[in-house]
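> Please see the structure below; I have some questions.
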């Protein structure tokens with residue numbers, strides 16, 4: 001399929017999608033034309049995944065697409081925004097139809113789950129890379145910002161932490177696991193569960209959130225920096241999954257939970273006077289979240305275990 | 001500077017920009033938050049330039065940035081949209097401060113010219129590539145679409161064509177040129193002049209436009225496909241620059257003009273009853289454009305020279 005031109009490629013694998021809300025003009029012109037719902041702000045986030053770095057080059061293209069979209073959608077979730085549209089810039093060493101068919105299948109399956117439509121893109125030849133920009137909308141006063149943590153707020157995290165780093169070790173075959181654990185970690189890595197509706201509900205009680213991509217301590221550190229506060233969390237309160245506890249010793253598990261990254265859970269803060277309302281929302285929307293600490297004066301973001309500061313080995317994934 | 005983290009890198013080279021119109025939240029959170037002017041549509045376009053393919057890997061980073069932004073802005077111009085915001089996903093083999101300083105200088109210089117602000121991005125380590133998404137706004141009835149050419153419309157092109165391909169030959173040193181010609185073609189390649197205001201004015205008389213990135217015949221062909229029409233243009237009417245005429249024989253020049261690509265001029269169509277108004281606009285806004293042919297029934301897009309069909313050697317740049 002070396003002669004498949006860019007235009008045929010786009011038509012064949014990425015065209016023909018049903019236009020969704022607010023799409024005045026989709027794929028196939030110089031620009032896509034979009035209408036943001038009246039009175040709402042546009043929320044945008046762009047992310048690149050590099051083959052051989054953010055996923056194995058020989059990974060299943062369906063899973064690459066699912067991971068790429070979920071990693072991006074996670075930023076909308078952490079903002080409390082509704083997904084609307086995406087654009088895709090994909091770079092491929094060659095236009096292999098089987099690879100493309102798998103990729104588009106994975107992309108559109110996830111797109112349907114999150115109710116987001118592909119409105120434009122660019123295909124180029126080169127080393128494997130996937131760049132997605134996601135566009136969402138949010139009510140002006142409902143966006144959850146890194147800068148809105150206040151001293152006294154309780155720090156929460158959704159789901160469990162540490163599974164992203166554990167999954168990477170499993171996928172890289174640094175650890176031996178049974179079939180069911182392998183399948184658990186594969187799905188944590190490639191198809192992390194992004195909770196769009198629960199996060200929108202949380203915007204009623206939280207003004208401050210971030211998604212955990214760099215590692216819990218690093219990402220909570222971004223909140224502290226942006227808000228001019230400090231934070232203290234407790235190792236014993238961190239929600240760890242059973243597969244993680246079974247996979248490794250408690251020290252490694254704690255390290256991954258604090259500094260592993262790639263969890264795509266959300267860390268958020270809630271003022272003490274809104275905890276009762278949060279509990280109502282948790283029940284109403286089946287929100288899984290755990291209180292892990294508190295926002296304090298200062299600028300340090302620390303984790304205590306039995307009163308002593310835990311210093312994880314690796315604080316967040318650094319690209320350079 | 002191998003230890004420069006992503007966060008320091010973003011702060012140092014891409015932060016600190018003055019927030020411009022409609023930016024509620026810029027760089028530094030999970031998403032940027034933006035307000036599209038009331039009653040206008042959002043126009044978005046994403047483009048990737050690969051090092052070693054779309055520009056030489058050792059090219060001046062200032063020029064890489066200028067070209068990347070202009071190539072993207074060209075899509076907004078062809079739509080008649082006002083530039084507003086951009087996001088940047090940049091992949092680098094290593095974080096070299098000198099390279100980054102040059103790139104950001106070029107990016108912000110062009111950004112100032114087009115009144116567009118950087119609102120978000122992602123930096124990754126890998127083979128050199130630059131992906132830019134530009135966001136503009138346009139009045140709903142003013143966007144110029146590929147699908148709006150009508151039989152009888154006159155076909156126009158802005159500026160001159162063929163310089164993009166000539167410039168590539170010059171840069172690749174396939175042709176020897178003097179100092180002033182070299183400088184002309186370098187600027188045509190790296191800093192093509194994108195005419196935002198003239199194109200917005202043209203939206204008064206044109207409903208159909210496309211930017212010339214793949215080559216005049218290929219891009220006019222996209223118009224024909226999308227509009228369900230054919231087009232006939234005349235070789236003798238194509239606007240060629242003096243440096244191009246001096247650089248090569250007339251056959252090569254014609255070939256580059258028709259099929260060379262990378263011109264970033266705009267091809268647009270105007271109904272005959274609006275030609276008088278177009279001429280007024282041309283004078284008022286100093287719009288350089290040339291009538292080169294006509295939209296006809298059918299679906300073929302051809303160029304005639306003295307009554308015979310010209311078949312260029314290469315019809316548009318194909319990425320795969």
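Using N, Cα and C of the backbone, Cβ positions are placed for all residues, glycine too.
Keep in mind it's a predicted model, so treat the numbers as computed, not measured.
Per TrEMBL, the features are:
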DOMAIN    A:28-137  domain 'PurM-like N-terminal'
BINDING   A:30, A:75, A:211  Mg(2+) 3 binding site
BINDING   A:30, A:45, A:75  Mg(2+) 4 binding site
BINDING   A:47, A:122  Mg(2+) 1 binding site
BINDING   A:47, A:75  Mg(2+) 2 binding site
BINDING   A:54, A:262, A:317  substrate binding site
BINDING   A:121, A:122, A:146, A:213  ATP binding site
DOMAIN    A:150-300  domain 'PurM-like C-terminal'
BINDING   A:214  Mg(2+) 5 binding site
> Determine how many residues of the domain 'PurM-like N-terminal' (A:28-137) DSSP places in helix, in strand and in coil.
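Counting residues by DSSP class gives 37 helix, 44 strand, 29 coil.
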> Have a look at the binding-site residues A:30, A:54, A:75, A:122, A:213 and say which one has the shortest Cα distance to residue A:45 (Mg(2+) 4 binding site).
A:75
> So of A:30, A:47, which of the binding-site residues has the fewest other Cβ atoms within 10 Å around its own Cβ?
A:47
> State the Cα to Cα distance, in Å, between residue A:262 (substrate binding site) and residue A:47 (Mg(2+) 1 binding site), rounded to an integer.
13
> Can you give me the same-chain residues 6 or more apart in sequence from residue A:75 (Mg(2+) 3 binding site) with a CB-CB distance under 8 Å?
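Counting only residues 6 or more apart in sequence, the Cβ neighbours of residue A:75 (Mg(2+) 3 binding site) under 8 Å are A:45, A:47, A:134, A:211.
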> Quick one: give me the count of other CB atoms within 10 A of the CB of residue A:146 (ATP binding site).
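For residue A:146 (ATP binding site), the count of other Cβ atoms within 10 Å is 23.
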> So among A:30, A:54, A:146, A:213, A:214, all listed as binding-site residues, which is physically nearest to residue A:122 (Mg(2+) 1 binding site)? Use the C-alpha atoms.
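Sorting the binding-site residues by distance from residue A:122 (Mg(2+) 1 binding site), the top entry is A:30.
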> Using the structure shown, find which entry in A:45, A:213 (the binding-site residues) has the sparsest Cβ neighbourhood within 10 Å.
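It is A:213 that, of the binding-site residues A:45, A:213, has the fewest other Cβ atoms within 10 Å.
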> Starting from the Cβ of residue A:121 (ATP binding site), draw a 10 Å sphere and report how many other Cβ atoms land inside it.
22
> Which of the three DSSP-derived classes (helix, strand, coil) applies to residue A:211 (Mg(2+) 3 binding site)?
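It is in a strand.
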> Report the mean pLDDT of the predicted model across the domain 'PurM-like C-terminal' (A:150-300), rounded to a whole number.
95
> Report, as a single number, how many Cβ atoms besides its own are within 10 Å of the Cβ of residue A:214 (Mg(2+) 5 binding site).
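Its Cβ shell of radius 10 Å holds 25 other Cβ atoms.
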> What does DSSP assign residue A:262 (substrate binding site), in three states?
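Assignment for residue A:262 (substrate binding site) reads coil.
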